[in-house]
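Participant: Quick one: the structure is below, questions incoming.
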Amino acid sequence: MSTSTEKRSKENLPWVEKYRPETLDEVYGQNEVITTVRKFVDEGKLPHLLFYGPPGTGKTSTIVALAREIYGKNYSNMVLELNASDDRGIDVVRNQIKDFASTRQIFSKGFKLIILDEADAMTNAAQNALRRVIERYTKNTRFCVLANYAHKLTPALLSRCTRFRFQPLPQEAIERRIANVLVHEKLKLSPNAEKALIELSNGDMRRVLNVLQSCKATLDNPDEDEISDDVIYECCGAPRPSDLKAVLKSILEDDWGTAHYTLNKVRSAKGLALIDLIEGIVKILEDYELQNEETRVHLLTKLADIEYSISKGGNDQIQGSAVIGAIKASFENETVKANV
């Protein structure tokens, strides 16, 4: 493939792949994990690994970059990548994993590596089968298990891996990656837009890149136009702080009918999901100064129950009324010191 063709091919990639770190030095925000894993490799004592933590924190990028440093051009022969959320049953363990782990490369020294992404989606039977395969083929194969939630993995599987928790990326790491992308894509991002993007990402770099790519697609002239915070909120489908405050102010100060009208008006005008409004309102309520902390406890518990009902398919109109009722009831005898 020619250089120009490769360049065009890379330009057409989703940004989460286009800007995926190729070396461990390019992985941001997980310095302790990188240092420890590198030490394992340098000493020739790489154990089975478990990387767990929220999405978009660099779990897959770290192990793939590590594997490329270890194997170089022989990567495709020595590494098997599987996504357990696609093949979550016992057959994938018995067939693909076992077949790969049981064979040796004639002209290659060292161990093979099996990367099992989203392993917390595997059934318990598949995890138990995987544990037996790990035990049997440890001599020539290493496993790296990736998961969002470690508690969804069986204790037997957990005990056979050295665990590393990937924290949500710190603001500094996200800012560095955003700056890098803006330079390469020749984009302009307002300070308020960058602040909104970092806040909405919750430490998820994958979401940052997806939102930036969506924002670029909305611009008439990407080389000249600046991405505003309104564009960020629009592409995220997230409520703006001003909308959240307007809804909360109406609930606290207006009668039931007006509050219900305001809530529905904001939702329909901005195309917002009720669950996003609840999450935004909770963040605002966390900063309120209350005379009685029991008010906060009672209200957050009620909102959590409503959020759970929505996740189980509850009617949005009914749950929207429940939100108004929960907030009004909780603040009925409470003096709010903070202004909306």
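FYI, residue positions are counted from 1 along the chain as it appears here.
Each Cβ is built from the backbone N, Cα and C atoms, and glycine gets one as well.
Okay, so Swiss-Prot annotates it like this:
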- 16-20, TYR28, 53-61, ASN148, ARG206: ATP binding site (BINDING)
- SER2: N-acetylserine (MOD_RES)
Participant: Around LYS59 (ATP binding site), how many other CB atoms lie within 10 A of its CB?
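Facilitator: By my count, 28.
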Participant: Let me check the 10 A CB neighbour count of ASN148 (ATP binding site). How many other CB atoms are there?
Facilitator: 16
Participant: Measuring CB to CB from VAL16 (ATP binding site), give everything in the same chain under 8 Å that is also at least six residues away in sequence.
Facilitator: ARG206, LEU209, ASN210
Participant: Are there residues of the same chain, six or more positions away from TYR19 (ATP binding site), whose CB falls under 8 angstroms from its CB, and which are they?
Facilitator: ARG177, ASN180, VAL181, HIS184, LEU209
